[in-house]
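Worksheet for the structure shown next.
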Amino acid sequence: MTETTAHPVTTATGTDVRVRFCPSPTGTPHVGLIRTALFNWAYARHTGGKLVFRVEDTDAARDSEESYEQLIEALRWLEIDWDEGEGVGGPHAPYRQSQRTDLYLDVIAKLTASGHLYESFATAEEIEARNRAAGRDPKMGYDNFERDLTEEERQAFRDEGRSPALRLRVPDTDLSFDDLVRGTVTFPAGSFPDFVLVRPNGAPLYTLVNPVDDALMGITHVLRGEDLLSSTPRQIALYHALIDIGVADAIPRFGHLPYVMGEGNKKLSKRDPESNLFHHRDRGFIPEGLINYLALLGWSLTHDRDVFSRMEMVTAFDVADVNPNPARFDLKKAESLNGDHIRLLALDDFAQRLVPYLQAADVVGAELTHDQRRMLEAAAPLVQERMQLLGEAPDLLSFLFTTADELPYDDAAVQALKDDAPEVLAASRGALSGVPHTQWDIDLVQEVLQNTLITGMGMKPRLAYGPLRVGISGRRISPPLFESMVLLGKDETIARLDRLAGMLGE
């Protein structure tokens with residue numbers, strides 16, 4: 001075995017950069033996982049390098065094809081694309097770990113033949129007993145005592161019917177690396193023992209296959225979550241061996257991205273609703289808004305600007321600018337940013353994006369009628385400036401797609417009306433009845449109601465218009481009142497005021 005302490009670290013820059021996104025297909029896509037994908041994508045696009053998409057699907061008990069399909073759906077929705085990997089192909093196929101067993105077995109054979117791996121027969125009980133006998137903490141772990149077993153000693157274990165695990169012979173030196181996010185990180189010699197890479201049944205562990213895949217695929221920069229920081233020295237130790245046997249050319253650069261925190265400054269858990277990417281999509285986040293917010297979980301464009309496009313992110317993104325401190329998922333800020341991006345949409349694009357949410361709430365059918373489409377196009381400008389989530393559309397707009405007879409009234413809105421509401425409705429109906437159909441426009445409707453309620457009855461606008469808003473929309477909050485009346489038309493507006501007046505008079 002050759003000296004293992006002075007192996008080169010990659011110097012790849014620009015188009016030579018190769019990053020990877022290699023999730024396990026378990027559960028629904030987590031915002032922390034997608035943030036990792038986004039940062040890798042942005043770095044690849046910024047440098048002109050390549051993003052490799054690899055699937056780590058070797059946990060048969062937890063992995064599922066359904067989770068894989070959800071992951072693909074999430075990436076496509078956010079327009080995070082990749083240059084090589086599953087679904088795209090490339091020179092290093094296959095890109096699923098479950099299909100790469102022969103490659104791992106070949107590397108294991110080379111590592112064993114070169115002396116980097118050695119057989120370990122010890123049981124957990126025997127390891128604890130050795131630690132006790134030496135006066136050490138029994139839970140201290142393995143003490144490397146099998147490094148230099150003779151062939152006779154190994155054969156004796158085999159004769160007992162034992163099958164060996166394979167451990168990596170860890171260099172007896174400090175292991176340091178320059179983390180792209182955190183600076184120099186050093187693990188002193190002896191920080192961890194020789195560790196198992198292959199189970200006694202011959203199955204390679206994640207600690208082997210992940211770095212081997214990175215090496216075989218020429219990955220130059222490993223950008224991943226902070227939770228994997230502690231495994232990095234083991235991977236570097238393995239890289240020393242992989243370079244020795246010609247599987248790798250250099251050690252990649254590592255960058256460990258900060259935790260995403262939830263409420264109470266606890267790490268965002270898969271059990272937290274905020275962690276579920278599809279939960280945000282279902283509520284009405286748009287890709288542009290969610291991408292922007294995920295980018296802010298550890299990075300920023302400038303100190304005084306939070307709203308930016310994905311292309312602005314690509315232009316500016318450098319992993320060296322990522323903040324190592326934990327990033328808190330602030331739902332209110334995320335929603336506010338999403339609203340900013342909603343207002344940046346072209347009006348016709350915005351209107352079209354509302355349709356699935358209106359359909360899901362049965363406000364409109366699978367196919368919009370001509371009248372429904374015209375109503376949506378006319379109403380969209382009234383709500384675009386007010387919405388933070390597309391999922392607000394049914395509550396804000398459903399009243400425009402029904403009739404006076406079928407309009408549902410919010411009980412709380414009706415009960416909150418003042419005692420003079422019937423008088424307000426009657427006066428408004430009388431005034432509006434005198435407006436000719438041909439002159440039913442915003443200016444005249446507003447003028448008539450203002451003269452009647454504000455000037456004539458001496459009411460404050462909030463109290464005067466409250467019953468009218470409930471009357472036409474069924475709710476306390478709606479798009480602008482006069483514009484809504486014009487969209488509904490004179491007859492429908494008066495019919496709705498009459499219906500509410502009738503309800504209050506019962």
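Here the Cβ of each residue, glycine as well, is placed from N, Cα and C on the backbone.
Per Swiss-Prot, motif ''HIGH' region' is recorded for 23-33. Sorting each residue of the motif ''HIGH' region' (23-33) by its DSSP state yields 3 helix, 1 strand, 7 coil.
Annotated motif ''KMSKS' region' per Swiss-Prot: 267-271, in sequence order, evidence recorded as sequence analysis. The DSSP breakdown of the motif ''KMSKS' region' (267-271), given as helix, strand and coil counts, is 0 helix, 1 strand, 4 coil.
The annotation ATP binding site is assigned in Swiss-Prot to Lys270 on the grounds of sequence analysis.
In the shown protein chains, 12 other C-beta atoms lie within 10 A of the C-beta of Lys270 (ATP binding site).
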